[in-house]
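Asks: Pulled these features from Swiss-Prot for this protein:
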type	residues	note
BINDING	VAL18, GLY60, VAL61, GLY62, LYS63, THR64, GLU65, ASP253, GLU319, ARG391	ATP binding site
Amino acid sequence: MSTLTPREIVSELDRFVVGQEKAKRMVAVAMRNRWRRQRLEPSLRDEVAPKNIIMMGPTGVGKTEIARRLARLCGAPFIKVEATKYTEVGYVGRDVESMVRDLMEIGVSLIRDEEATRVRARAEAAAEERLLDLLLPQSPADGGETRQSTRDKLRGLWRQGHLDDREVDMEVEESTKGPQMDIFAMPGMESMGNQFRDLMGKAFPARRKMRKMKLREAWNLLVDEEASRLLDQDKVVDIARERVEQTGIIFIDELDKVASGEGTHRTTDISREGVQRDLLPIVEGSVVNTKYGMVRTDHILFIAAGAFHFSKPSDLIPELQGRFPLRVELDALGRDEFYRILTEPHNALTRQYAALLATEGVTVSFTDDGLREIAAFAEEVNEETENIGARRLYTMMERILADISFDAPDRPGEHVTVDAAYVRTHLEDVRVDKDLSRYIL
């Protein structure tokens, strides 16, 4: 588990998300409390439940990005789900327990990758020997010293990269599609479907076939196979289950859409309340059956988010409200924040587009007045049409750089400066025609 202090967590989040200090501080404390909990006596540790969070704010202000970056920072299994995708038990659709099953799948994949990295050196050594066997098959006529000498020469050529494009015949698993199990897509039967597929996989193991491929591709497959052999799959599952139960994060987006606020009909209120009641035991802490065994949700951190334009957290059922004790409102973004988003983050849009076009030999630079003009346009369009927050910058940048992106292969070595005049030239028609801005931006 990460030992970063709340201040260090906020500092790391600042590299990717502009503003929203209150939200950053709240999630940083929530993560630090997990570290603190692990240092308690076992008898008290189980009593300390995570303080789940509701983030309120319009779209495009950083709700999802804060949660996603937090999970990466802490190495925690993370999944983003949408509350509207689930239905209450008895109706066609996914049941809420499937989010825990999906989180467990992500946890297993995360641990498998970590363990594969740990044994990669051994896997590469074994894969290299198998690769040389493909290049130099065993022959009774070969002398021991002659064969070893040839093998060493091939090893040297391979390590120098001279054999990457040579083709070999290699036996690989045949990827066969299993029978469609649509019957198990019914509510409450997903777990049974997973168990049935596992049973079918054991009863009918995958067939192998010979395939011609380049040596570099064969090398990658052999490394994966050897790493898989070196891994203790039971250990991987045990570690993953522990990681999911103790550090897992489930981000539930659009929670406001299942709240019974103003303008909702009685029939939809009933359906929405059903989803909330199904969510309740998962958030409170229960045991969910997965293909990897039982997973407890008592200490999984739930971060919910929503715009809450037509409803408010108090419209949720009281029991669910009580399970989200922490609430924070994220600020809407204006031109100052848009300017900072274009310049400050480690993965700023301007850096992304400049790097993409640099692959074609085209150098793109942005002046300060050009960036401020983009920010002003984004704020203006958001005010006059739908406010989609920072996502507006994507559409603005695409329109501004559309011509150069199309012509880049024919203009290597060229330098393009995006200043205020360049921005106005490419966006002025949209500003003049307000109806056009609704469709283009």
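All residue numbers here begin at 1 and follow the chain in the order shown.
Using the three backbone atoms N, Cα and C, a Cβ is placed for every residue, glycine included.
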Asks: Using a 10 Å radius around its CB, how many other CB atoms surround GLU319 (ATP binding site)?
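Replies: There are 14 of them.
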Asks: Looking at the binding-site residues VAL18, VAL61, LYS63, GLU65, which sits with the largest number of other Cβ atoms within 10 Å of its Cβ?
Replies: VAL61
Asks: Considering all pairs of residues in VAL18, GLY60, VAL61, GLY62, LYS63, THR64, GLU65, ASP253, GLU319, ARG391, annotated in the record as contacting ATP, what is the maximal C-alpha distance expressed in whole angstrom?
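Replies: With VAL18, GLY60, VAL61, GLY62, LYS63, THR64, GLU65, ASP253, GLU319, ARG391 as the binding residues for ATP, the largest Cα distance is 34 Å.
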Asks: Using DSSP and collapsing to three states, where does LYS63 (ATP binding site) fall: helix, strand or coil?
Replies: helix
Asks: Using DSSP, would you call GLU319 (ATP binding site) helix, strand or coil?
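Replies: Reduced to three states, the DSSP call for GLU319 (ATP binding site) is helix.
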